[in-house]
């Protein structure tokens, strides 16, 4: 059966790592890589792997969408330009998976709400942030047991894994992640903190999640829920590991994670980028399965 053809916008760290994952997919075929710098290493690497490339940005891709049957596009550029990209692509019937913090479309965290997005047939879904993909499943694991008044996450990532796009979007990162802690994670109030650690050798991504429950926490039920969710995330991010917890202190529930990447293009310590690209690939594969089946209800997370 024919694969669903895709374009990637942004040949940086995230776009290139995502390309490696898509090349392994049984249902997705990466066809185009889009950039703005003619001398970009990412564009050169994509050409070496057999993709068509353009350094003319989104406008260099648009004339080829129909001829190359591009059905899904991944935007791994910047929150500042995503709105333009999304408008031009969705107007031409292309589904957009947004890996920037722009959050034009609804948030998607695969083990929490991907199935609902497949059924609603949205043209744009937002993958929140790397910190959001790592921590929101844990907030939800608590909130599905009992109400969470406050959820706070701290994502600690290696400085080497944080490219210029992420650094420009730090404010958007914190706002978008906090919003998704509430909208997807189920906390009444959310807060997100990112720590960029310059240590050498680089440290693997570490995440700390604190939830304040409204009532005394159900220790057994929350513990079981957390372990179940860890298993769900590990289906597509094998390096997603519970290092400690859940730890209970009054109404506070604390969970400590480590996220190691697969090492496709990026080093294994860059689990923050790997969980983002793995989540985007999983989302696209489920959307593609629905496209092939011709019915949104046939694909599940």
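Every residue gets a Cβ built from N, Cα and C, even glycine.
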Site-mate of 161, 162, 163, 164, 165, 166, 167, 168, 169 for NAD(+) in Swiss-Prot, selected among 2, 272: 272
Protein Cβ atoms within 10 Å of residue 165 (NAD(+) binding site), excluding its own: 20
Rounded inter-Cα distance in Å - residue 163 (NAD(+) binding site), residue 130 (active site, acyl-thioester intermediate): 13
Densest Cβ neighbourhood among 161, 169 (binding-site residues), 10 Å radius: 161
Whole-number Å value of the largest CA-CA distance among 161, 162, 163, 164, 165, 166, 167, 168, 169, 272, listed as NAD(+)-binding: 16
Chain-internal residues near residue 167 (NAD(+) binding site), provided their CB is under 8 angstroms and they sit 6+ positions away: 196
